[in-house]
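To start, the structure under review is shown below, and the notes come after it.
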């Protein structure tokens with residue numbers, strides 16, 4: 001992809017040079033050096049034939065004496081030269097290119113260039129330069145190319161480049177610079193190409209490049225940049241090519257890009273973008289090529305991500321292992337788009353609406369994707385499809401199993417239905433995620449289907465979050481992104497994304513761990529988890545505990561001592577996440593019970609805490625009923641007869657609306673308070689922490705939770 005003018009130009013020059021024959025130059029030549037007439041291209045790409053003295057790789061410690069007076073190009077690369085005096089080069093009046101790269105210079109002042117007024121190109125890359133003082137290149141008024149890359153420069157004085165008003169190309173990449181000073185560029189009004197990547201600068205400040213009104217190509221690759229300030233590119237009205245390759249940009253620098261309206265080539269490859277959102281690339285009227293490749297975190301290209309790019313002809317979005325979703329309406333008003341490269345991603349399909357939105361599209365690359373050959377990709381085999389597949393024999397179906405490994409273009413049209421289930425890509429978000437307490441969490445869930453699916457999330461507490469939901473902590477965006485602000489340990493647990501349409505649904509779950517894991521696998525059971533007896537009564541016991549962070553589920557079991565000897569049943573309650581107490585009821589008086597709390601955590605390990613408790617002996621008030629089974633039986637019989645009479649009376653009329661008609665009577669043992677003859681299970685939605693006199697609880701989003709329909713209300 002032609003994103004950077006300078007590298008391509010240099011590659012073209014090298015290729016063209018290799019094709020032109022080298023002619024011997026018959027002059028007295030220094031020992032072991034080669035004197036020839038070679039093709040040469042000026043910094044403005046004009047072709048010339050230059051008299052060349054090649055003394056590369058000769059282990060020289062000084063410039064050879066008695067060089068031919070007509071030398072135009074002097075190559076001294078890969079030697080051990082540490083100093084160049086004026087007397088060694090001053091007599092070479094025609095010298096236009098000097099290559100001193102890969103030598104041993106540590107100070108630019110060790111190079112005396114005052115007597116080289118014709119020099120156009122100077123190579124000092126791959127030396128040991130550490131500083132550039134003011135006026136370091138005085139006397140080089142004609143210089144157009146300066147290569148200082150791959151040194152150890154950590155300081156450049158404000159006027160280091162004074163006198164270089166004709167400089168066109170400056171290479172400062174791969175040094176030790178920590179800041180960029182706009183005063184450097186005040187001396188370079190005609191600079192067209194600046195390569196300053198590979199320096200771990202702290203930040204690019206507003207108007208850092210403002211003096212460079214004629215700059216056409218700017219390379220900011222490999223600088224560990226996390227953000228670009230809104231006015232960092234202010235003043236670059238001539239900029240055509242821009243590279244942010246291999247940085248740490250988590251979002252597209254939209255405001256900064258607005259400052260370069262003439263941009264034609266943009267390279268954002270190898271950045272940790274998670275999504276390209278609406279309007280991230282909008283109204284860039286001259287953009288021709290855009291690269292969004294090799295992004296490990298990229299999940300989706302959302303609706304209207306690319307809007308009003310009238311000159312865009314090629315879009316590269318390749319080698320993104322988690323990119324599983326391109327919205328059907330991701331592209332709008334891209335009339336000149338010809339080539340769409342989407343190979344080697346995690347895409348299950350490319351929607352027909354996406355293709356139809358690109359009226360001039362000629363070819364698309366989808367090879368290397370896990371294509372699901374169903375209704376969404378059906379357009380590929382429709383008659384009259386104008387779009388050509390790049391590498392069609394490598395564009396294969398991954399699903400369904402009976403079409404696996406079959407080229408997409410060879411699947412019969414009738415094999416693909418009109419409607420299909422939603423599919424959430426397994427790579428859209430990881431199975432588990434650790435978040436520091438107090439930070440924000442963002443999860444992206446996307447799905448393609450026909451009809452278009454609805455997406456919502458379910459929290460560990462069972463709260464359903466839809467795009468219409470906007471609480472204090474949670475927010476769901478229309479395309480399925482869940483944002484949780486200021487995460488606490490209470491929000492840890494399983495989050496489920498649900499994508500559904502009229503055909504069916506698909507789900508995907510992520511386990512969220514908040515903060516440092518307090519509980520690690522392999523620790524002794526019960527360590528850090530304690531079950532306490534808060535209150536004991538003749539027929540119920542109140543237990544409490546402190547729920548550790550990152551809890552996924554909590555189960556409480558209890559049984560009497562006789563049950564442990566095989567003479568009774570064990571009861572089980574599945575408790576909602578966040579429950580801190582439970583009231584065990586329907587117990588026998590003066591009886592020992594064994595209760596155990598089992599907690600499961602997000603990292604798949606569990607902990608167990610147990611406690612013994614004994615119910616109190618019933619008082620006279622309790623014995624009035626508790627010790628007189630005959631009286632209880634009479635009362636129960638009376639209740640049964642009353643219920644039967646009431647049922648017979650109601651049976652003669654119509655069922656009451658809104659009540660549901662007749663309901664079956666509960667089993668007889670329920671009236672005596674006896675335990676069920678098998679394991680008693682209390683479902684999670686019907687259990688809440690026991691708190692006498694409590695008001696109706698509310699969720700973290702302010703929604704009222706109904707009280708449990710059990711004896712623990």
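Along the chain as shown, the residues are counted starting at 1.
Cβ coordinates are placed from backbone N, Cα and C, and glycine is handled just like the others.
Note that the structure is a prediction, hence the values are computed from the model and not measured.
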Give the range, chosen from 610-630, 631-651, 652-672, that Swiss-Prot lists as transmembrane segment.
-> 631-651
Within the predicted model, mean pLDDT of the repeat 'LRR 5' (166-187) = 96
Rounded distance in angstrom between the Cα atoms of residue 94 (N-linked glycosylation site) and residue 381 (N-linked glycosylation site) = 66
Work out how many Å separate residue 583 (N-linked glycosylation site) and residue 381 (N-linked glycosylation site) at their Cα atoms, rounded off.
-> 63
According to DSSP, which kind of secondary structure is residue 555 (N-linked glycosylation site) found in, if we only use helix, strand and coil?
-> strand
Should one count Cβ atoms within 10 Å of each candidate's Cβ, the glycosylation sites 381, 555, 583 would be headed by 583
Measuring Cα to Cα, tell me the gap between residue 555 (N-linked glycosylation site) and residue 381 (N-linked glycosylation site) in whole angstrom.
-> 53
